[in-house]
Amino acid sequence: MRRPSLALLALSSLPFGSARQPASFSIHQDLLAHPQFEVIFSDSYVFEADAFALLEAANKTPKPTPASDGAHDGSTTRTDLTSAIRESATANADTDNGDESIGGTSPLRETYELIAHPPMRYLCSIPIIAPPPALNKTATELAKAEEAREVTRAYNKGWELMRGLENQCLHFVSGWWSYQYCYGKSIVQYHAVPNPKGGPPLRDKNSQEYILGTSLPPSSHSQKGKQIEVPNNEQKQLSPPPNTELQAKDNQRYLVQRLDGGTICDLTGRPRTIEIQYHCNPALSGDRIGWIKEVTTCAYLMVIHTPRLCADVAFLPPKETKAHPITCRQIITSDEEALSFNQRRKNTIDSAAAAAAAVTTEDQKQGSESGSPEKLSYQGLTVAGIPIGARRILPSTHVLPLPRHLQQQRQEAQQGNLLEALTKAAFKADVFGDYGDDNNNNNNNHHPKAGKGRKAAGAGKGQSGQKEMKKMRISERDIDKLGLDQQTLDALREEIRAAGLDPDRNLNDEREAGGEIVWEFYADVSGDEDDGAVAEEGKEVFVWYEDEDEGGEPAEAGKDQKESKKGGNGEGSGSGSEEGSKEEYYRDEL
């Protein structure tokens, strides 16, 4: 188990030696952290008697060993324990480099420190690193000469490896533009059209193409600067391509080639130019263009990743610098505590194994459902306790809540107030249609058997025997707009039927000429004290009524439905008993 080394790096009083600085600057290197250390909390433990024995031997300071009833008998010798700790630290820190030293340096010996982290204590072994040998002037000059020879050798070897790209072309697509680069020739920018055969992108003959750069033929020069003509075979072996060099960045070398002679730029009046960089990428099986960018006006940069350069160790990516391990082991005072430690470790291992088995089972189940026997190797990324990208279904506790208006509609629907939910939602969305006379009555906007008298909405409140019935129509599009569905309307029919009414007479659905289904019903928008529905100022009351004979009293069905609206007075105040009288009803005031 690895943890940050903030607490233990305070041991700066130890005689650490300075390590060799890197050859070139890298933004990933901490220039002030040399040598580098990493704190590792081991899964093993050490008995208290052995821990103090190691501290005494390392510091050469006599310390009394505390006596404890359940202390270990000390049968393990100090030499064996020291060797075991050193071997474990080395194995945990460096398993890939074999015999190579960590960070380019080797530890001379180890010292021990006691770290108190209540209620636990740890014995930490800290390696002491040998300082690098001092370089004199002669050794520095020899090192520079050796480095220059290595650069020349890598430069020639690199271009020799890149000759395998001759007579090959690479393609790259970036948005509108496509690029074609033929090694040793030129790179062309053009707009591509789909290739029906599935091959490289085809050039659009109706658009213009641009040459970003052209390669010059390789040539060899005499000492006087005069060009010497040689056969092509010898020419390829003598010199690399012109306008090339070897560069290094982040401790990795790569080849650079500059091409000139491109299409004249309209903005600068000069030919287009491009710089090509060849980087070693051992993870690829073939050559590939990484990206192309226009760094300045009509000046481009292209990066090619190729495994060819990886054949030379000089172009390989730098190995990750590993820190020296500071290994800490928990101090145990008794055999009972050791048993408890081992049990906790076993439980941790079992829990991890069970979690891995559960993931494997889930992957197999998903693979069988999709018809693919492949298992998922990617376990996803856990963010705030939620696995992302691993085909996991979120539990209900992590599902985002519905918007407030949808929550209210769902609650009202679940409580059985379907009519109230429908009317409230309809008036909020302003989707109710107001359709004039009914076939059974000459009065506009009224239920044919609504009762004794009628009056306009908002004309008064609490007046008995006066009702305002509105014929409401909702289309399929309005249903979708309200967030309702056919199941909601079916439940509404059941509510009307439970109230002793006929849903086919109170909630009718018909298909219009355009093929759209429309639901229509009647609602009371005035209120009646006799029915227990009082129309307060600024309020509307909705009541279901059953058709009756002329002169009969309307029978209230279900609970009175209320809806808030803007306050307003109806303009039509004529008597509802007068046949043929027309009442005006303003929808904008609702």
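Quick reminder: no glycine exception, Cβ is built from N, Cα and C everywhere.
If you look up Swiss-Prot, you'll see Trp176, Trp177, Gln189, Asp266, Arg272, Glu294, Tyr300 marked as mannooligosaccharide derivative binding site, on the strength of similarity to another entry. Taken from Swiss-Prot, the feature compositional bias 'Basic residues' applies to 446-455. Taken from Swiss-Prot, the feature compositional bias 'Basic and acidic residues' covers 556-568, 579-590. What Swiss-Prot records for Cys169-Cys182, Cys265-Cys298, Cys280-Cys310 is disulfide bond. The domain 'MRH' feature in Swiss-Prot is assigned to 167-312. What Swiss-Prot records for Asn136 is N-linked glycosylation site. Positions annotated as region 'Disordered' by Swiss-Prot: 83-106, 198-248, 357-376, 436-472, 545-590. Summarising the annotation, Swiss-Prot assigns motif 'Prevents secretion from ER' to 587-590. The annotation signal peptide is assigned in Swiss-Prot to 1-19.
For the domain 'MRH' (167-312), DSSP puts the residue distribution at 10 helix, 73 strand, 63 coil. Looking only at the recorded positions Asn136, Cys182, Cys298, the one with its C-alpha closest to Asp266 (mannooligosaccharide derivative binding site) is Cys298. Comparing Cβ neighbour counts within 10 Å across the binding-site residues Trp176, Trp177, Tyr300, the minimum falls on Trp176. Mapped onto three states, the DSSP output places the residue listed as 'N-linked glycosylation site' in coil. Taking every pair among Trp176, Trp177, Gln189, Asp266, Arg272, Glu294, Tyr300, the residues listed as contacting mannooligosaccharide derivative, the largest Cα to Cα separation comes to 19 Å. Note on proximity: of the binding-site residues Trp176, Gln189, Arg272, Glu294, the one nearest Cys182 (disulfide bond) is Gln189, by Cα distance. Ranking the binding-site residues Trp176, Gln189, Glu294, Tyr300 by Cα distance from Cys280 (disulfide bond) puts Tyr300 first. The sparsest Cβ neighbourhood within 10 Å, among the listed binding-site residues (Asp266, Glu294), is found at Asp266.
Counting every protein chain shown, 20 other Cβ atoms lie within 10 Å of the Cβ of Cys298 (disulfide bond). For the pair Tyr300 (mannooligosaccharide derivative binding site) and Cys310 (disulfide bond), the Cα-Cα distance reads 25 Å.
Counting only same-chain residues six or more apart in sequence, the Cβ atoms lying under 8 angstroms from the Cβ of Cys265 (disulfide bond) belong to Pro271, Arg272, Thr297, Cys298.
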